[in-house]
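Q: There's a structure below that I have some questions on.
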């Protein structure tokens with residue numbers, strides 16, 4: 001009787017396949033740990049204080065902190081006061097990257113964090129809820145001698161959250177506040193060699209603009225971009241894995257279509273999982289090297305969200321189809337209570353992403369973290385997402401426990417069988433249990449990866465400089481997803497091999513009522529397989 005490959009493949013071949021996949025998994029971790037550098041690099045900048053000497057402000061004028069066309073600079077605000085230079089005529093200039101370096105499209109994105117150095121003064125303290133208003137412009141060029149081209153310009157507000165850890169006395173004047181890092185800018189592509197930021201702090205006492213923000217001494221920026229070496233390794237993995245999953249998916253579905261019956265739910269879901277894995281694998285990022293596609297970050301988030309949604313839904317249906325209870329399954333409507341929240345959560349992820357990275361397509365200085373409400377919502381979203389991911393994993397563990405319990409209940413039929421059939425079914429039970437444990441492991445790694453990714457994306461907002469996810473974790477989990485999807489499509493493809501025809505005919509009379517059933521899905525061409533028809537009953541379609 002024919003069935004799925006997981007049923008009929010010999011133990012020796014299954015072991016060889018398992019060891020091969022395990023070696024590929026180890027290689028995926030080693031690629032990140034030994035070959036790829038860390039995923040991101042942080043570069044610190046101190047803004048130069050330039051003086052705008054023009055009587056009338058020119059919007060097209062850009063101030064360079066160094067070089068042949070560098071601006072007229074001052075060292076401190078005390079020097080500005082001595083020269084009677086107004087605050088509105090001071091421009092903080094930052095050139096990205098540092099001197100004699102170039103940016104590269106391999107950096108993929110650029111995230112900039114802002115920090116103020118604010119000195120304590122008894123008569124110029126930071127007021128509660130103080131807002132800093134910045135007039136910021138971003139320009140680029142690809143030749144050191146060419147003119148700067150404006151890329152973005154905006155007026156932004158950032159709330160100061162500073163603490164003064166010592167007593168506020170005259171003796172402690174000049175000491176610096178401890179201020180939180182502030183989100184400043186995010187660009188979805190790095191297609192130019194040089195970038196220039198000009199920042200002004202306009203003062204208007206009548207309108208209460210930049211009043212009560214303390215005595216700002218300096219502006220520091222931290223630029224974070226993806227490492228070019230990591231990008232090349234990541235692209236290479238995608239380029240290699242895309243045809244691998246595509247070929248196995250086409251092979252799998254061809255075998256399904258050769259059956260004389262329509263595909264069942266589990267087979268359709270496995271195909272959908274393969275499609276979502278292919279979608280996230282396709283290395284469209286190669287085009288970002290030659291094109292200024294600022295939407296690539298948003299597109300990548302959308303692709304990952306679709307894959308998360310499909311993978312989590314697949315595990316629910318996969319475990320449900322192996323429960324062997326009395327529920328009529330093989331219908332998607334049976335799982336709407338479990339899959340519905342996953343789809344809703346993915347939609348919420350999409351809305352949250354559009355609220356930030358969608359707006360950043362036109363204004364790279366926008367951030368949901370800039371306001372109290374946005375910060376609270378973003379923090380709540382990350383915490384709730386982490387809790388929901390953990391609850392999902394616990395629910396999946398419960399479903400796998402039910403599968404194990406039901407399979408163990410069927411083992412009572414084994415002693416009445418002949419030795420050959422008993423050993424065969426014991427092998428099948430072990431294979432399915434082992435596959436369920438592998439599924440749980442993949443689910444645990446996925447949940448950890450999701451939580452760590454959420455924290456890593458916002459680690460600067462948490463005020464921790466040291467949070468960094470190792471490259472091996474990224475490449476290892478990504479390789480694990482591909483290997484898992486590959487194994488599922490291969491093992492659940494219909495097999496052309498037939499098990500023990502002579503044994504089945506010899507034992508049929510004695511054991512027709514003593515077989516066991518491990519799942520509710522049919523994979524045989526003309527009739528249920530032994531794994532799906534082990535009690536002499538027709539499995540439900």
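All residue numbers here begin at 1 and follow the chain in the order shown.
Keep in mind that glycine also has a Cβ here, set from the backbone N, Cα and C atoms.
Just so it is clear, the model here is predicted, and its values are computed rather than measured.
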Q: With TrEMBL as the source, which of 377-401, 402-426, 502-526 is set down as transmembrane segment?
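A: Result: 377-401 is the stretch TrEMBL calls transmembrane segment.
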Q: If you look at how TrEMBL annotates this chain, which of 209-226, 335-352 comes out as transmembrane segment?
A: 335-352
Q: Could you give the mean pLDDT over the domain 'Wntless GOLD' (49-226), rounded to a whole number?
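A: Within the domain 'Wntless GOLD' (49-226), the model's average pLDDT equals 90.
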Q: Is the transmembrane segment (265-286) packed against any residues at least 6 beyond its ends, judged by a Cβ distance under 8 Å, and which are they?
A: 108, 231, 234-235, 238-239, 241-242, 245-246, 248-249, 252-253, 256, 296, 299-300, 303-304, 306-307, 310-311, 313-314, 317-318, 321, 329-332, 481-482, 485, 488-489, 492, 521, 523
